[in-house]
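Feature annotation from Swiss-Prot assigns active site, proton acceptor to Glu72; the stated evidence is sequence analysis. As annotated by Swiss-Prot, active site applies to Glu143, with the evidence given as a curator's inference. Annotation source Swiss-Prot lists Zn(2+) binding site at His69, His73, Glu150.
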Amino acid sequence: MAVEKSNTTVGGVEILKPRTDNREYRMIVLKNLLQVLLISDPDTDKCAASMSVSVGSFSDPQGLEGLAHFLEHMLFYASEKYPEEDSYSKYITEHGGSTNAYTASEETNYHFDVNADCFDEALDRFAQFFIKPLMSADATMREIKAVDSENQKNLLSDGWRIRQLQKHLSKEDHPYHKFSTGNMDTLHVRPQAKGVDTRSELIKFYEEHYSANIMHLVVYGKESLDKIQDLVERMFQEIQNTNKVVPRFPGQPCTADHLQILVKAIPIKQGHKLGVSWPVTPSIHHYDEAPSQYLGHLIGHEGEGSLFHALKTLGWATGLSAGEGEWTLDYSFFKVSIDLTDAGHEHMQEILGLLFNYIQLLQQTGVCQWIFDELSAICETKFHYQDKIPPMSYIVDIASNMQIYPTKDWLVGSSLPTKFNPAIVQKVVDELSPSNFRIFWESQKFEGQTDKAEPWYNTAYSLEKITSSTIQEWVQSAPDVHLHLPAPNVFIPTDLSLKDADDKETVPVLLRKTPFSRLWYKPDTMFSKPKAYVKMDFNCPLAVSSPDAAVLTDIFTRLLMDYLNEYAYYAQVAGLYYGVSLSDNGFELTLLGYNHKLRILLETVVGKIANFEVKPDRFAVIKETVTKEYQNYKFRQPYHQAMYYCSLILQDQTWPWTEELDVLSHLEAEDVAKFVPMLLSRTFIECYIAGNVENNEAESMVKHIEDVLFNDPKPICRPLFPSQHLTNRVVKLGEGMKYFYHQDGSNPSDENSALVHYIQVHRDDFSMNIKLQLFGLVAKQATFHQLRTVEQLGYITALAQRNDSGIYGVQFIIQSSVKGPGHIDSRVESLLKNFESKLYEMSNEDFKSNVTALIDMKLEKHKNLKEESRFYWREIQSGTLKFNRKEAEVSALKQLQKQELIDFFDEYIKVGAARKKSLSIRVYGSQHLKEMASDKDEVPSPSVEIEDIVGFRKSQPLHGSFRGCGQPKL
């Protein structure tokens, strides 16, 4: 349906903003020609800023690949006004905020958010990046190592590898061809060999390119626009303006030599992918007409008659996406990516024939006004009823948009097609021709068939030319399937009215309970959007009873999603999302989006559960997909492996992936057919319904589900016995004990090692929670600074809190290519020893400042229904049911004394603490494997070496579960 537009005037120019947006906007231009968009939001708890600089990796000097990205790293270090190293990040982190940046081809974007009461100083520190940064020689060398570590992390990532291969196969004199991340070789070894000083080049690059007139700033504050403007004018007007012209890189990256090519590449992971791309007219020049969005909508559609539906029916594909890929003002690629099955890999030519058949269909049918109008209506509703998101996420895109779009479209960008122009769309359709395509085909089956290697990632590949006539042969060989345009979308909402809910509950209430289910209900009292959130957790004791059951339950949920895909895809396009996935004790159904037609989708999904049957052809495809996923576990980043082992050690009723992979090899369709009725035979459904839904509607939804599943003359489900209600249990580590688990990295080609150093502390308790959280806040930046910035152990360095079903702890996570896990573990202990004095000597003022920052973080309001619902659902699912958690913990924080934090640290965290319980997971990459034996010999006493994870877990006491503890009786 058409939605009333809402405009606001910005610097004398009208800007399109969402109808539901009550923020105020103002555009100003400083005397140095810096363009700034000010946003005032009195309701915000966090303030944020984003600076977009119109220079990126395309401007890297020859022989200094990655310099723009390296500069992005360096600006975080220090400035003349704030010379203490890393003080910017420290200040932001200690005041509840976060910092980040990215380098793109023609843009570098810096951004942060922080608690509102600390915004002034944070913004001033940020401004100094662009006024007088310090780039010391010592810091320069250390940060080159950080960039190198970041690159090491990417070397075995298929996404990074294929992207660089696509760039490699382009014109060498076009910047698209470049390697943009940088590494030790490009930023130190090669320049040094040529007598080039990287630091001098870094400063030169900064001075040449960082000019106020090609920067765009967005500042999001709580104060009035006038006050924010005053801040910005004081802080940012000293940025130098050297009147630079935004760099442009005309010309196409691909010549005839790089088109009509078939590239076969060998990926790291199992699976086959087919990517086809065409150089096309950049949509940015016609964003109101949205040619690539229109074509992506149709070629990427998954409903009946679509290309994907045909490929899925043939058993050849498991996924397909289409749309505009990399683009600038001068070039663009339209890309189609297809995930192939093993059978699909053997029918690549027919698949490409079907793709070109579908493109021919689009050429023959012409551009349809009703499809464009439908797409426009969906986009318009999405824009005007968009959820509020965290300020930093919101403004990053706006800052980038300011470079490209006229002022009126800064907020909307190209997300709102409004002008139907068949000629412009037809032009791009015609560009998707057999004469200018590029095919990238990835499979491990090409092992031994390649003769080339991409230089930066060493990806093995081969290349051959494919003529238009060959494509025509493939088109003729394609199977005869009925491809057609999608049907009109029945899920587009037409009722966007808000319910006048009688209940004004501020927390979920238990609305209904029966032997079959329990319904928690929370009406929308905050967001005023026509949306709802539904969560239904099917607790099935059989689901987690063995590795076999876990795999069978997984296959069941995937088959459900598979069967519903062509129907539910329309709902997804219209802004109504659903998913069926594994949960701790069974499987869960999630629905989120416009409430108008949500119940139709919910009842369809439940009907499919009730009438579930196994289709052998779809089972075979799903089994193949899941098998490859398990086989690819061994290619995960080492720190992900370490976190997995930590969970496997701690969480009861979890099974090793190797055992689940073994189950898959023997699984047949009839096993699933026999299992699902048994899985569902004993079930309890925990329900949460929130948003623009009245309480009687919520009750009616759940009653309908009970009628379908439990109250049939031959019910599919029966209620659980009281003894069957499942609980999540977590291993209780021994006080004063250290536990160690040493393991080879599962990918022999990966040089990176990883450590997770976990300290288990307590069972959910408000007063203990706040002490652990305060320790985490105070120690987080110190950890990052010491282990990453100073010691350069690795790009991935983090201190994070951990919550396993209400059992709280803290974990240090480090991945490194330069040091082994034993050494890293010793550095974590050293860090904790050094932290003692910092904590003991902390001034009362600093203590109060940290407490205030944590209080502000806790009082931060939920931005949208999804965020709020996830918070409450965690309480329901874990059984803690502390819906007042934030307020209670704030109350406890206000009473907290500094000595209590010190006592907590001394008792549970510090090295040698009497009640400390630590678990070190050490994963050894290929270059540190030889250190494992000596590391094992050197573990201190008293300690436990875990050899058999499941054997260890079964022999340990478990923490009590919150589920069933203090909950309302059924």
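Numbers run from 1 along the shown chain.
Each residue, glycine too, has its Cβ placed from N, Cα and C.
Swiss-Prot feature annotations superimposed on the structure.
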{"residue": "His69", "record": "Zn(2+) binding site", "Cβ within 10 Å": "24"}
{"residue": "Glu72", "record": "active site, proton acceptor", "Cβ within 10 Å": "21"}
{"residue": "His73", "record": "Zn(2+) binding site", "Cβ within 10 Å": "21"}
{"residue": "Glu143", "record": "active site", "Cβ within 10 Å": "22"}
{"residue": "Glu150", "record": "Zn(2+) binding site", "Cβ within 10 Å": "18"}
- Message: Nearest by CA distance to Glu143 (active site): which of the recorded positions is it, out of His69, Glu72, His73, Glu150?
- Response: His73
- Query: When you average the Cβ positions of His69, His73, Glu150 for the Zn(2+) site, which other residues in that chain have a Cβ within 8 Å of that mean position?
  - Reply: Gly66, Phe70, Glu72, Thr103, Glu143, Ala146, Val147, Thr181, Gly182
- If one measures from the C-alpha of Glu72 (active site, proton acceptor) to the C-alpha of Glu150 (Zn(2+) binding site), what distance in angstrom results, rounded to a whole number? 13
- Message: Helix, strand or coil for the residue listed as 'active site, proton acceptor'? Use DSSP.
- Response: helix
